[in-house]
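Features reported for this protein in TrEMBL:
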TRANSMEM  20-43  transmembrane segment
TRANSMEM  55-76  transmembrane segment
TRANSMEM  88-110  transmembrane segment
TRANSMEM  117-136  transmembrane segment
TRANSMEM  174-196  transmembrane segment
TRANSMEM  239-263  transmembrane segment
TRANSMEM  275-294  transmembrane segment
TRANSMEM  306-322  transmembrane segment
TRANSMEM  328-347  transmembrane segment
TRANSMEM  367-390  transmembrane segment
TRANSMEM  396-416  transmembrane segment
Amino acid sequence: MTTSTAPSEVVVPLARNRAFGLLWLGEGVSVVGNATTSALLPLLAVTQLDAGPAWMGLITAAAWLPWLLIGLPVGAWVDRLPARPVMIVANLAAAVSLASVPVAFALGVLTLVQIAVVAMVGGVCTVFFRTAYQVFLPEVVPAGQLEAANARLFGTESAANVAGPGLGGLLAQWLTAALGLALDALTFLWSAVCLWRIRPARAAAPEDGPVGPVGPADGLTARIREGVELVRRDRYLPWFVGMGGASNFGLTGYGALLVLFLVRDLGLTEAGVGAVLALAGAGGVVGAVVAPFLSARLGSGRASTVLLVLSGPTALLVGAGLPGWGAAISGAGGFLVGLCVVSGNVIRNAWRLRYVPAGLRGRVMTVMQVVNFGTMPVAGVAAGWLGGVLGVRETILLMAAVHCLATWSILVSPLARLRELPQGTLGG
């Protein structure tokens with residue numbers, strides 16, 4: 001290791017970082033649209049096309065299947081491509097896909113198959129965008145500001161999750177769910193314009209960290225293998241990967257049937273569904289705000305563990321709701337799950353961006369995301385089948401129990417004893 005004698009880089013506060021401001025502004029609008037779609041798409045399927053548990057599961061599975069099909073190669077591609085253009089193209093493709101829904105609805109030819117296809121196209125765009133985003137953020141934000149930047153981005157996303165579902169429910173009730181999706185398409189266009197205007201002030205270079213013990217990997221297969229090996233041989237990352245995959249299986253499973261449960265079991269209107277979904281977003285806002293405080297007060301490792309342990313049993317409340325005012329039980333459960341999950345994600349995501357060297361982020365992050373998100377299409381199909389066999393409420397409770405057991409697995413990992421998440425870098 002050598003010591004540089006160059007002058008220290010002047011760190012611009014986040015409030016005056018133009019590139020981060022544009023990223024934050026673009027994503028702020030886009031995530032409102034995303035959150036609106038999270039209510040509109042299933043509401044459209046249930047209320048206009050009479051979708052049952054099986055179709056709701058398939059639509060959810062379609063949205064997450066791209067992580068299994070293309071997740072790993074995308075991670076290797078993004079390491080060799082400029083991240084910003086990848087994100088712009090992903091936003092434009094998502095806008096076109098969503099715009100097809102109101103057009104088909106107006107022509108009277110909209111089907112559940114098209115909704116599933118739109119969900120899958122959106123999933124493909126998300127794979128490219130999320131993977132490139134992990135690489136792009138350190139290009140506009142210095143390492144010392146990553147946790148604060150993540151807190152702002154997660155906070156905005158959570159705030160959008162408060163407004164979005166409620167707005168989606170109101171749009172579905174006042175206009176139609178299909179027209180609401182047209183507005184969402186415009187938010188993706190807005191995000192693309194904001195990204196186009198960004199000029200990164202710094203590039204994330206391989207010198208930011210070691211490339212690891214695995215030899216040069218010029219071919220796509222070799223680069224994928226390198227990412228898998230680096231994750232597998234690390235002491236800590238496999239725990240987060242396994243726990244995240246199992247946890248997401250449970251969360252996605254009950255999420256696939258949640259709108260159906262709220263409409264048919266609890267008898268809520270479109271606006272009521274939006275209100276319950278918005279509570280989960282409100283919990284996320286609180287979680288994003290308190291994450292830096294919890295990390296500083298308890299230590300990043302201890303705070304992460306406590307939040308994981310608490311998020312498990314609170315998920316069971318989601319399926320315990322009753323008709324009428326009893327739906328507040330489901331809303332309270334969603335609020336607490338959102339608080340714990342988002343707060344923990346802020347802490348762990350900032351740590352991963354410091355822990356994984358810049359030259360390996362695309363590959364390593366995608367390996368983790370493929371497992372974390374790759375269980376979701378399986379969860380969607382499983383929830384759809386179980387919903388028809390066991391019942392919707394019973395399936396939601398079962399999936400919440402899976403999430404609970406997954407998060408509690410942190411207690412038997414080496415991470416449970418750490419006050420701070422591991423220091424240093426992967427492969428260092």
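The backbone N, Cα and C atoms fix where each Cβ goes, and this holds for glycine too.
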Exercise. Restricting to the same chain and to residues at least six past its boundaries, which positions have a Cβ under 8 Å from a Cβ of the transmembrane segment (306-322)?
Worked result: 243, 250-251, 254, 258, 261-262, 266, 276, 287, 294, 298, 328-334, 336-337, 340-341, 343-344, 347, 393, 396-397, 400-401, 403-408, 410-411
Exercise. Which stretch, 88-110, 117-136, 328-347, 396-416, tops the Cβ pairs under 8 Å count with the transmembrane segment (174-196)?
Worked result: 88-110
For this session: Please figure out which one of 55-76, 88-110, 239-263, 328-347, 367-390 racks up the most CB pairs under 8 Å against the transmembrane segment (396-416).
Result: 239-263
Exercise. Any contact between the transmembrane segment (367-390) and the transmembrane segment (88-110), i.e. 3 or more CB pairs below 8 Å with pairs at least 6 residues apart?
Worked result: no
Exercise. Does the transmembrane segment (88-110) make contact with the transmembrane segment (117-136) through 3 or more Cβ pairs under 8 Å, each pair 6 or more apart in sequence?
Worked result: yes
For this session: Look at every Cβ pair spanning the transmembrane segment (117-136) and the transmembrane segment (55-76), keep those 6 or more apart in sequence, and say whether at least 3 of them are under 8 Å.
Result: yes
